[in-house]
Amino acid sequence: MPVTMSQAFIDNFLGNSPKWFKIAILSFLVINPIVFYLNPFVAGWLLVVEFIFTLAMALKCYPLQPGGLLAIEAVIIGMTSPSQVLHEIEANLEVLLLLIFMVAGIYFMKQLLLFVFTKMITKIRSKVVVSLMFCIASAFLSAFLDALTVIAVIIAVAVGFYSIYHKVASGKSFTDDHDHTSDSHGEGHSLCEDELEAFRGFLRNLLMHAGIGTALGGVCTMVGEPQNLIIAAQANWQFGEFALRMGPVTVPVFISGIATCFLVEKFKWFGYGQQLPEAVHKILSDYASYEDAHRTKHDKIKLVIQAFVGVWLIVGLAFHLASVGLIGLSVIILTTAFNGVTNEHALGKAFEEALPFTALLAVFFAIVGVIIDQQLFAPVIQWALSYEGNTQLVIFYIANGLLSMVSDNVFVGTVYINEVKAALLDGQITRDQFDLLAVAINTGTNLPSVATPNGQAAFLFLLTSAIAPLIRLSYGRMVWMALPYTIVLSIVGILAIETGFLGEMTQYFYDSHMLIHHSVAEAAKGAVTGH
């Protein structure tokens, strides 16, 4: 039967996506202008829900195309303007540069990272200990590096492990070329499905623990997350003061997070507790031995160079010697120059992982433009400001948390701190209350947002990365595996604020002269525009 033009159009539209998904996206494109004409506010929230839907279907169809179509239509019908989208991209240029250069830079440090983490996994047999090490290492790194950088590192390691196992299990040697994305191979070799599933589960566990670790560490310091920098600038806090003010909330949360990691692994809850199969452990151990035996002086000097560049990376970011993206660019230049990677094709491979996500983030900023232009969050902010004292802090924490679960936490944190700054300058709140609110906003945007990949850019990057389909890490599975952490981190954060512990410890820091009282004039002088 010949294919009609309409059938060909539907077949081509969004490629191999399910037909129902294609129809859903086309329906959204038809419905949105009508709803916008009737009620712009409702249309704005409808668009946000639709965009979240495209993210949830990331394994069926990469969100750039369906989300991009929704964003383009939103601009065309006037929900936001091209200038507003450009403004959002300009305000978040550091995040885009981070994705373009830092993730590519990490690609050229993969040998060192694979060396370190292979040793960690092959030498330590206890899954609980390995999980705790991944979580704590991610938290420590995220306090100095951006969470996206840390997740990029862990993804690179996981892909390395997966490809090594897949290659050997498919009947090839360590040095052979191999496509690790295909589970069917000729020559009579077939992968053991149970073994492969168990290994996928093991890698899922490690990646989720690492992802949560980035949130635990990222909330602690002003360089941990992009919104932390914006909040610190608004409040005129330096590195030490930021960490100290966050401490009454972040320290109990960190301890609780590590305890949760231990418990879910020990009792195999929420899909955790997957053991590394003995056969896979043997392959990885053999690979480590093979690499050690065949490591030439050229290989060893490459590892040394990568280690030195790694030190520069941590020092450069910890002391904020340049913007994150530019430090990433320097990592690319230093590792490739001293390790002899001068072929354009070899350089290009490093950018394959991050550029689709960079484009997706630019689309996300178009949705953020709609949220701003249609004032979708305005009612929530006004309601939260109507309360006082500890109750106000808790409400801001919860309101930030709920919105960060469905929207980018950089955006949510920026909107809230700007609104609270405006309230301070209007005389609605005192400077000390503003400082406490800044802590509530920072912790509120960073901690509950682990609930879904929407809030944490690092989680979204993980969901849309090359490793996710290989280890069967879907949107729903991420939400389920993050659930125990979401509950524990959110509740401990609320209790630290609700019980007055944050206020009491902050007062103690004032009395001990570890902190100083800031003035409203300082805040007015230090105002930055953020978004």
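In case you wondered, yes, glycine gets a Cβ from its N, Cα and C as well.
Since the structure is predicted, the reported quantities are computational estimates derived from the model, not experimental observations.
Look at Swiss-Prot and you will find 23-45, 66-86, 97-117, 130-164, 206-226, 244-264, 307-327, 352-372, 393-413, 451-471, 478-498 tagged as transmembrane segment, backed by sequence analysis.
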For the transmembrane segment (244-264), the candidate among 307-327, 393-413, 478-498 having the most Cβ pairs under 8 Å is 478-498
Folded-back contacts onto the transmembrane segment (352-372), same chain, C-beta under 8 angstroms, at least six residues removed:
44, 47-48, 51, 62-64, 67-68, 70-72, 74-75, 79-81, 84-85, 87-89, 92, 95-96, 99-100, 103-104, 107, 152, 155, 407-408, 411, 415, 457, 460-461, 464-466, 531
Taking residues 6+ outside the transmembrane segment (393-413), which of them lie with a CB under 8 Å of any CB in it?
48, 52, 92, 95, 225-228, 230-231, 364, 368, 371, 377, 380-381, 383-384, 387, 420, 436-437, 439-449, 451-452, 454-457, 490, 493-494, 497-498, 502, 531
Do the transmembrane segment (451-471) and the transmembrane segment (130-164) come together with 3 or more C-beta pairs under 8 Å, pairs six or more apart in sequence?
yes
Same chain only, please: residues at least 6 beyond the ends of the transmembrane segment (97-117) with a C-beta under 8 Å from a C-beta of the stretch. Say none if there are none.
146, 148-149, 152-153, 156-157, 160-161, 291, 299, 302-303, 306-307, 309-310, 313, 323-332, 335-336, 339, 341, 349-351, 353-355, 357-358, 361, 461
Which of 23-45, 307-327, 478-498 shares the most C-beta pairs under 8 angstroms with the transmembrane segment (206-226)?
478-498
List, by number or range, the same-chain residues at least 6 past the transmembrane segment (23-45) whose CB is under 8 A from its CB atoms?
13-14, 53-54, 66, 69-70, 73-74, 77-79, 370-371, 374-376
